[in-house]
Amino acid sequence: MTKIDHPRVVKNMSIPELKRLSAEIRRFLIEKLSKTGGHIGPNLGVVELTIALHREFDSPKDKLIWDVGHQSYVHKILTGRAAAFDTLRQYKGLSGFPKRSESEHDVWETGHSSTSLSAAMGMAIARDLKGTDEYIVPIIGDGALTGGMALEALNHIGHEKTDMIVILNDNEMSIAPNVGALHNILGRLRTAGKYQWVKDELELLLKRIPAVGGKLAATAERLKDSLKYLLVSGVFFEELGFTYLGPVDGHDFEDLFENLRYAKKMKGPVLVHVITKKGKGYSPAENDKVGTWHGTGPYKIETGAFVKTKEAGPSWSALVSETVRRLARTDPRIVAITPAMPVGSKLEGFASEFPDRMFDVGIAEQHATTLAAGLATQGMKPFLAIYSTFLQRAYDQVVHDVCRQNLNVFFAIDRAGLVGADGETHQGVFDIAFLRHVPNLVLMMPKDENEGQHMVYTAIRYDDGPIAMRFPRGNGLGVPLDEELKEIPIGTWEVLRDGCDAAILTFGTTISMALKAADELAKDGISVKVVNARFLKPMDVAMLHELLESRLPILTVEEAVLQGGFGSAVLEFAHDHGYHGAVIERMGIPDRFIEHGSVSELLNEIGLTSTHIIDRIKTMVPRKQKRA
């Protein structure tokens, strides 16, 4: 593997040699990812397809554009990056997604789904305007194809007759099993046999029908249309303006080469429908029916058992979903919605117990949000489980459809804050800034899982408009959980530790580092008040006035972007209420995208640890003698 420095090496290999290479790549991926973790299922499924693409096209002249990008590991191996796989998704190591700064062969950066077709069309138009002749080849999965943006692009590409070759990698799964009518169309295609062969035979048959006289000609045309729709599901893509080729066996080199070569000869947009097996070559991943092996942490190769880390408390995702499930037993209004993340959001239990009240809408965040809004207009209590990074995709729906109408939707914002190895495309650090200025919305974050379950209860009980609870990736702190759930008064903070020299206002994951900093500062005679600012909107106005009137230096700390964040809200409050002499400083995520690495490494890099808090407080508080 490490000897491959350019994809040209596969161009002169025989098919037996390519089969041996495929097996070697699979062994390499299984071994490396058992240590680093990563997206093993998608990559094991595209080994032959990726080799075939690099054999038939000339990267980087020809543009290979990977939708989502989590299936680009084989592409990285073939473009000379195998030696870096020990650092995959590690701090300062190889990215788990295509990265333009990493290789000239990575022409488009991804992480979110359904963007490849629009980007490819832009590249194709630029090619035509410049008069060059490279092939533009987006590779998109059947799950990503359900995204509205992909369908918009298909419509535009077909209308413009843009020259490009779309590879549809159909493995019947995105992360979890795919849903929806388009998935059903593709299912019919998988069993329809060779579309082009059927189409050619059909056209020969139709040519034999004598078109004599208006009535007979009309009959022949109706027959043509009827046969076309009866025999060929590929008409979906043909009606959009694409030439459809397939289905193609994505693990058969001869089938792949034949269809890719044919596609290269054609004008206009071509769609090559390739059938692959997610997880192929490693039985635990190959037999995965729910998406567990889509992306994993380290695992034991021999057994497929995941290497468990010592976690103190329950999974945050499980805590939230199971609390909602508990409440749904006595509240028939509760309906759960997820945009293709039932496993990640730990909604399997809810789906099993309440199948008629659980909706996996596929990769369709905009639809998921407005679906929730529609449910709310009819008195239901929609619970939308969505990752912070994916909520970005539904911003207009949050503003226009939910908050503007002041509808009772509960947004459970998972993976809020830094998420680590998935890197800059998945860090959940923007939601406070893009939500706190939207009217009618309540925004909160708990300090631990016990407060978290009470916040879920508060959100379900809240009937005065939309409410959002953000919570981090991973597990809780292991604190005891109260048996009885209780409502937390909206817009209230709590003092966790009193102090007379300075105050730290923080929430969520950064509370523990603030408390640790306060302990250390106390040893130096500096008394620091620590406030759990659990409601980011509305803020605790009474406590803010009290703090500002006390003239204590205030430090806000947040694991989110500083621009437009919680600290900005505190500064605005102080300014608007005339506290112009207040000493307020902020700590948080700087104005740049944060790359991959462990959360602790990233926090240290950006200066957001208890040590950094201690140093900042010492600059804000006059020197004091250490107390006896």
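The backbone N, Cα and C atoms fix where each Cβ goes, glycine too.
Sequence annotations record features per position, and here Swiss-Prot assigns thiamine diphosphate binding site to HIS70, GLY111, HIS112, SER113, GLY143, ALA144, ASN171, TYR282, GLU365. Feature annotation from Swiss-Prot assigns Mg(2+) binding site to ASP142, ASN171; the stated evidence is sequence analysis.
Ranking the binding-site residues HIS70, HIS112 by other CB atoms within 10 A of the CB puts HIS112 at the bottom. Max Cα-Cα distance over the annotated thiamine diphosphate binders (HIS70, GLY111, HIS112, SER113, GLY143, ALA144, ASN171, TYR282, GLU365) is 32 Å. Cβ environment of GLU365 (thiamine diphosphate binding site): PRO339, ILE386, PHE390, LEU391, ARG393, ALA394, GLN397 lie under 8 Å away, each six or more residues apart in the same chain. By the criterion of other Cβ atoms within 10 Å of the residue's own Cβ, the least surrounded of the binding-site residues ASP142, GLY143, ASN171 is ASN171. It is 7 Å from the Cα atom of ASN171 (thiamine diphosphate binding site) to that of ASP142 (Mg(2+) binding site).
Across the structure, HIS112 (thiamine diphosphate binding site) and ASP142 (Mg(2+) binding site) are spaced 14 Å apart at their Cα atoms. According to DSSP, GLU365 (thiamine diphosphate binding site) is assigned to a helical segment.
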